[in-house]
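Take a look at the structure below.
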Ligand SMILES: O=c1ccn([C@@H]2O[C@H](COP(=O)(O)OP(=O)(O)O[C@H]3O[C@H](CO)[C@@H](O)[C@H](O)[C@H]3O)[C@@H](O)[C@H]2O)c(=O)[nH]1
Ligand SMILES: [Mn+2]
């Protein structure tokens with residue numbers, strides 16, 4: 001009795017953060033009000049310094065300040081009530097009573113996403129610490145590549161060795177690549193060998209390692225033989241659905257089939273004439289195919305670059321999904337994305353610390369975190385768009401879900417999932433599966449609009465989560481000490497900015513659409529929650545104020561136009577307060593989350609770099625899409641590392657091997673700041689106007705110090721990763737043009 005009453009999970013409100021956050025909010029808000037008062041009153045008082053150009057500069061700076069203040073306000077929503085959680089998997093009911101889970105892994109391109117790595121993800125999912133007959137792993141292969149299918153068969157064979165090994169010795173790192181990579185002593189301590197003699201463990205480990213090497217070699221040989229070449233067919237191929245049963249019958253395997261999770265390969269049909277909607281489209285096909293095979297009530301979604309790092313995530317997620325207190329409205333449990341390939345120095349802020357350490361904990365204290373694409377356990381029912389029960393009219397359901405009677409039959413049996421497993425020996429079944437994976441299946445249905453993962457934005461995760469919250473579903477963020485999922489982060493500037501552009505475009509797309517969180521969201525969810533969504537949707541718009549702050553005060557400085565109060569006036573204190581208080585708050589958050597001052601600097605720097613590059617292009621892309629002048633695109637990030645680039649990354653040296661499109665705005669801004677700084681100092685030395693111009697000089701100096709790696713890449717470095725002189729030249733010309741244009745508008749003389 002006593003056992004039953006103990007909760008499966010606890011939610012702790014982070015009181016200390018709340019006190020600090022709200023106090024800071026109050027002080028900062030007051031300072032902003034004074035600042036606004038200062039700006040507004042300027043426009044209503046006659047002073048000798050008022051000339052048309054000065055007013056123009058002031059208006060621009062004021063607008064930028066208002067935008068920053070608005071973003072700051074949105075940013076406070078997730079700081080209102082941060083929480084953390086604890087789960088108690090040991091209190092779950094016995095295995096027989098646990099619900100089944102379907103695992104979805106997506107891959108798209110065997111060149112950018114090395115097959116062996118994708119299979120590692122698949123194997124780590126098969127090895128989840130959960131009754132194997134209740135785990136069904138589906139891999140969606142958007143590349144339709146024979147190499148991936150071959151890899152799956154090999155992976156299955158290896159898993160027949162690997163799974164019993166993990167179970168027998170209580171291995172925690174069940175992604176073979178990670179396990180053998182961290183072959184050091186720490187790992188063994190961590191993993192323990194569960195009472196088995198270490199000789200036995202060592203010898204088994206050696207054997208398994210041999211098998212793993214063999215598995216890798218076979219896959220790589222297949223690739224080298226050219227069998228896997230699928231460049232041409234990746235956009236044009238029929239559907240394939242296959243239950244993987246392994247190829248080698250002669251192996252002495254330690255596990256019988258009963259102990260292996262179901263493994264299914266799905267390549268949906270792709271034709272140039274049909275839009276395939278990228279990952280969301282792939283996930284929806286998996287929802288349908290799995291719907292007629294296992295139809296588990298819960299689905300774990302994983303990107304192919306993110307493996308299960310701790311096998312207990314399924315049980316931990318169930319602590320929330322089976323908790324009667326929160327379960328009825330709970331749609332998904334989101335685990336953080338952590339990355340295994342981030343260097344000590346993390347120069348590109350690849351950890352996304354502010355998102356995974358601050359924002360999501362904050363949203364968890366409201367209605368729940370944003371859906372973050374990978375590492376989440378979602379209730380299948382919540383993706384149906386409406387509640388379905390046995391009596392629901394079949395014709396109505398067909399309008400929503402398409403014409404598969406089989407699929408609709410299982411849809412209506414949502415409550416008895418485990419009985420549905422068909423290991424498909426009938427031809428009719430396979431025809432149905434192919435039909436569900438065909439590219440024409442969705443036409444005339446509500447897939448992607450109301451049902452499944454939504455197509456509106458290339459940030460399908462964000463948008464799907466948003467509409468779930470709009471419908472009243474909630475979510476939970478759980479970030480235990482040992483990361484449950486480990487992914488591959490982008491580790492060079494080029495990939496990072498391309499990815500950033502896609503994210504910005506996907507987010508801004510929602511912000512600009514009829515689904516704008518501030519309007520559509522605030523009518524359907526608590527205002528604080530909608531502010532959190534708006535913060536993300538408008539995040540790319542930081543490019544507007546930052547581009548102004550990177551140029552206007554500088555051009556004004558060069559032309560002797562003061563846009564900040566005199567240092568001797570009290571207002572200057574208020575401006576300094578706003579500046580320093582936001583920096584201090586950020587620094588505090590970085591340090592309080594266990595990170596270094598260097599991380600703080602990296603975050604500031606990357607925020608500036610992104611604001612003048614990927615945010616700008618993302619915003620433009622979203623605007624053009626909104627105007628119907630551009631189509632959506634999703635180029636998967638490159639997961640195969642380049643040696644030279646990796647070396648530079650490890651050393652903490654920026655790699656500027658990226659397109660001029662990304663480099664030019666950065667370099668132009670730095671040259672402009674440097675030139676105006678020199679010009680401003682000279683002016684002050686000659687004319688002695690320090691009092692008026694000092695604050696501007698400090699701002700410019702701050703920009704220059706933060707962007708030191710750009711200056712270094714331009715002037716001091718000679719390696720391949722430097723900024724090419726041609727780009728510097730183009731940027732210098734751009735800078736000259738900007739200066740003359742700016743001075744023509746703003747110059748007083
Ligand atoms: O047409 C496509 C394109 C991509 N993918 C898969 O989508 C996943 C994510 O792609 P990736 O290149 O790794 O992009 P990231 O920018 O790293 O992904 C982040 O951003 C995406 C939204 O832009 C989210 O879907 C992801 O979960 C999130 O990790 C990968 O498994 C891909 O194989 C497909 O299945 N089909
Ligand atoms: Mn990824």
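Heads up, the Cβ atoms here are built off N, Cα and C, so glycines get one too.
As annotated by TrEMBL, transmembrane segment applies to 25-43 (among others). For the transmembrane segment (25-43), same-chain residues at least 6 beyond its ends with a Cβ under 8 Å from one of its own Cβ atoms are 55, 58, 62, 65-66, 69, 72, 76, 79, 565, 571, 574-575, 577-578, 581-582, 585.
Using a Cβ-Cβ cut-off under 8 Å and counting only residues 6 or more beyond its ends in the same chain, the transmembrane segment (55-75) has close neighbours at 28, 32, 35-36, 39, 42-43, 531-532, 534-535, 538-539, 541-542, 544-545, 548-549, 552-553, 555-556, 561, 563, 582, 745-746. For 55-75 (among others), the entry in TrEMBL reads transmembrane segment.
Taking a C-beta cut-off of under 8 angstroms and a sequence separation of 6 or more, residue 142 (active site) has the following same-chain neighbours: 106, 107, 108, 109, 234, 267, 268, 270, 276, 282. Residue 142 (active site) falls within neither a helix nor a strand when secondary structure is assigned with DSSP, and so counts as coil. Under the heading active site, TrEMBL lists 142 (among others).
Annotation source TrEMBL lists region 'Disordered' at 180-204.
For 183-192, the entry in TrEMBL reads compositional bias 'Acidic residues'.
Under the heading Mn(2+) binding site, TrEMBL lists 279, 303. Reduced to three states, the DSSP call for residue 303 (Mn(2+) binding site) is strand.
Around residue 461 (active site), the same-chain residues six or more apart in sequence whose CB sits under 8 Å from its CB are 370, 371, 372, 373, 374, 453, listed in sequence order. Marked as active site by TrEMBL: 461 (among others).
Residues 49, 53-54, 57-58, 60-61, 63-65, 67-68, 71, 74, 359, 370, 462, 504-505, 507-508, 510-511, 516-517, 572, 575, 607-608, 611-612, 614-616, 618-619, 622, 669, 672-673, 675-677, 679-680, 683, 687, 689, 692-693, 695-697, 699-700, 703, 738-739, 742-743, 746-749 of the same chain, all 6+ positions outside the transmembrane segment (536-564), place their C-beta atoms under 8 angstroms from a C-beta of that stretch. Annotation comment: TrEMBL describes 536-564 (among others) as transmembrane segment.
According to TrEMBL, the feature transmembrane segment maps to 661-681 (among others).
Marked as transmembrane segment by TrEMBL: 693-711 (among others).
The transmembrane segment feature in TrEMBL is assigned to 723-746 (among others).
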Give me the long-range Cβ neighbours of residue 303 (Mn(2+) binding site): same chain, 6+ apart, Cβ under 8 Å, in sequence order.
105, 106, 121, 373, 374, 487
From 142, 303, 461, which recorded positions have a C-beta atom under 6 Å away from some atom of ligand 2?
303
